[in-house]
Amino acid sequence: MEHRNATLGSGFTLMGILNDSRYPELLCAMISVLYVLAVTGNGLLLLVITVDARLHVPMYLLLGQLSLMDLLFTSVVTPKAVVDFLLSDTTISFGGCALQMFLALTLGGAEDLLLAFMAYDRYVAICHPLNYMVLMRPRVCWLMIATPWVLASLNAVGHTLYTMHFPFCMSRKIKHLLCEIPLLLKLACADASSYELMVYVTGVTFLLPPLAAILASYTLILYTVLHMPSNEGRQKALVTCSSHLTVVGMFYGAAMFMYILPSSLHSPKQDNIISVFYTIVTPALNPLIYSLRNKEVMGALRRVLGKYMLRTHVTI
């Protein structure tokens, strides 16, 4: 009981990449720029999809959810890391660590499932265009939006409660950018080997089936695209799918490294680099990947900004 009370009453120290860099000020500036880029890009993309009625179709509704998840995910980690570095205070309370873990697991898990649904949407649009409005009717689309949030939240609640119930009587220094299960289990003074296996199984269950569905969808899409008679249609399909596959590669590569690769093959420095990649770099790149090569999104962005500029001019 005393161990338990001590654990609840004390916090942790996050020793992230900014504390293990030769040029921490430069790295902090780069991370800050990437965060601003992520917030601006995802915020604009979410705004455009919400405001422009022409983008109220399943593909862009799902893309809007991806932007929302990226915006929230990077905001869970980046502002605290930057502020802590500037104030030279890297502590995080027990409750704060649990909350950060819950939010990170929820948003990461939801994005994992959402990417699979986005692949299915592209499969239906390209391989079964005549049945698209039936297979992707509004009820199905909203179910695709709600399912990742619900399943990821339930998974995150279970893992957060179980991880934080361990007594942490060893060093309170987490050599990572954020509170994550593998790093916290290294600090537990109770045997966590069985739970580590459970985390591995959950990671495989959450990551590999969606990834298999994505690869199967794009295999069928590629086969269909190569047999398209129209060069313009083929090019549009390839541009859309290549953007999605780029995002899939970045996200699943980092997630599989953290949760499927055996812990014996991890090092604190590698974990820190990977954490920066999927919490800061990927959210900053996703809106650029999806918008710069998408004529419909760029057209909608010009229309929204044009209306805003016109209203500003009339007001003045």
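The backbone N, Cα and C atoms fix where each Cβ goes, and this holds for glycine too.
Annotated transmembrane segment per TrEMBL: 23-48 (among others), in sequence order.
The domain 'G-protein coupled receptors family 1 profile' annotation in TrEMBL covers 41-290.
Under the heading transmembrane segment, TrEMBL lists 60-78 (among others).
Look at TrEMBL and you will find 98-120 (among others) tagged as transmembrane segment.
Residues 58, 61-62, 65, 98, 101-103, 105-114, 117, 120-121, 181, 195, 199, 202, 206 of the same chain, all 6+ positions outside the transmembrane segment (140-162), place their C-beta atoms under 8 angstroms from a C-beta of that stretch. Feature annotation from TrEMBL assigns transmembrane segment to 140-162 (among others).
Per TrEMBL, the feature transmembrane segment maps to 206-226 (among others).
Feature annotation from TrEMBL assigns transmembrane segment to 238-261 (among others).
As annotated by TrEMBL, transmembrane segment applies to 273-292 (among others).
Annotation: stretch 98-120 has the most Cβ pairs under 8 Å to the transmembrane segment (206-226), among 23-48, 60-78, 98-120, 238-261.
Same-chain residues lying 6+ beyond the ends of the transmembrane segment (98-120) with a Cβ under 8 Å from its Cβ atoms: 59, 62-63, 65-66, 69-70, 72-73, 76-77, 80, 92, 144, 147-149, 151-153, 155-157, 159-160, 163-164, 178-181, 184, 206-207, 209-211, 213-214, 217-218, 244, 247-248, 251-252, 255, 278-279. Residues 31, 34-35, 38-39, 42-43, 45-46, 49-50, 100, 103-104, 107-108, 110-111, 114-115, 117-118, 121, 141, 144-145, 148, 177-178, 247, 275, 279-280, 282-284, 286-287, 290, 296-297 of the same chain sit 6 or more residues outside the transmembrane segment (60-78) yet have a Cβ under 8 Å from a Cβ within it.
Among residues of the same chain six or more beyond the transmembrane segment (23-48), those with a C-beta under 8 A of the stretch's C-beta atoms are 17, 55, 63-64, 67-68, 70-71, 74-75, 78-79, 81-82, 85-86, 276, 280-281, 283-284, 286-288, 290-291, 297, 300-301, 304.
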